[in-house]
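Right, one structure below, let's go through it.
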Amino acid sequence: PVAMGSGFGAGLGLALASSAFIGGSFVLKKKGLLRLCGRARAGQGGHAYLREWLWWAGLLCMGVGEAANFAAYAFAPATLVTPLGALSVLVSAVLSSIFLNEQLNVHGKTGCILSILGSTVMVIHAPQEEEVSSLESMAEKLKDPGFIVFAVCVLVSSLLLIFVAGPRYGQSNVLVYVLVCSAIGSLSVSCVKGLGIALKELFSGKPVLKEPLGWVLLVCLVICISIQINYLNKALDIFNTSVVTPIYYVLFTTAVMMCSAILFKEWQHMVLGNIIGSISGFLTIVSGIFLLHAFRDMPFTPNLLPLFLQPGRADPHPPWSSADRHQSCQHQPLLPSEDKGSQSAEEEK
């Protein structure tokens, strides 16, 4: 197995840079759309945003981020690179609260912290995949019976979801179209991994263009991405974004981790502690993304806090020294005011 050396560090750095660029691209494009000032908005079918340099800067950042993410798969395990994509959501949320004045409530801040902690745990316990340094070794892994069974199951289940479950439940159940995107996405990541290896060989001077496997992987990648975009757009058009995004992230990352474990045997040489750490880190990221999206539009006011944490509220349990000044109703005298004198005399006796 490959040790965690310069290649792993390069893959980790590229994955983090990809999240930063992709997260920042959303803010730049949103900032450019807000500067239209009465001109035809994109939501109204206009294209005035094409004259905004901020929108083009966001598009450029998106391209750089996707290129860095593509290159990261050539150096680091897919089980590490894919979950770190959640950091782009975190970067986008933090930058939006700073530059777009979008409210980031306490749930969102907690989700950001959990995402950072989960990503750190996953980096520490990242699997060390078997060495795949050439297209020949990639071809051998693609012939593995375990991966062939997995790929057939993915294709059959996707066809059933598209042609059987889609027409019946696609408009009412968010899992139908998201499952299609996630299952096909696991195969697309494998294609990206193979193409990254092919590009490394191409830059080293090897005649990769004559290898048919590289072209097959490229065609499969185009088909998979086209299916992903189509059914993800359907899901976003029918259901709320705050519902689709966390579910898609969880299912897509789970499918990629399963595919990588079967194809590259990433978990074969890991000790039990690292396996538990990787799963725990992934579940922590999932919790953070859920908090960040599920409660994004929920206002959190000080009135929802316990009484002793609310600013400006008196102590619900006043000290004994002030008990005489703030008598409760059950300590009020029961006799009318004219009988107070006789009551005091009786008490003195």
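Yeah, the Cβs are placed from backbone N, Cα and C, and that goes for glycine too.
Note that TrEMBL annotation is computational and uncurated.
For 315-349, the entry in TrEMBL reads region 'Disordered'. The transmembrane segment feature in TrEMBL is assigned to 6-28, 53-75, 81-100, 147-168, 174-192, 213-231, 243-264, 271-295.
When Cβ distances are compared across the two stretches, the transmembrane segment (81-100) makes no contact with the transmembrane segment (213-231), since fewer than 3 pairs at least 6 residues apart fall below 8 angstroms. At the 8 Å Cβ cutoff, the transmembrane segment (147-168) and the transmembrane segment (243-264) share at least 3 close pairs (sequence separation 6 or more) and count as touching. Counting Cβ pairs under 8 Å to the transmembrane segment (174-192), the stretch among 6-28, 53-75, 213-231, 243-264, 271-295 with the most such contacts is 243-264. Away from its own ends, the transmembrane segment (243-264) comes close to residues 77-79, 82-83, 85-86, 89, 129-130, 132, 141-142, 144, 146-147, 150, 154, 174-175, 178-179, 181-183, 185-187, 189-190, 193, 232, 235-236, 282, 286, 289-290, 293-294 of its chain (Cβ-Cβ under 8 Å, at least six residues beyond either end). A contact between the transmembrane segment (53-75) and the transmembrane segment (271-295) is absent, since fewer than 3 of their C-beta pairs, 6 or more residues apart, lie under 8 Å. Residues 79, 83, 86, 89-90, 93, 105, 107-108, 110-127, 242-243, 245-246, 249-250, 253, 257 of the same chain, all 6+ positions outside the transmembrane segment (271-295), place their C-beta atoms under 8 angstroms from a C-beta of that stretch.
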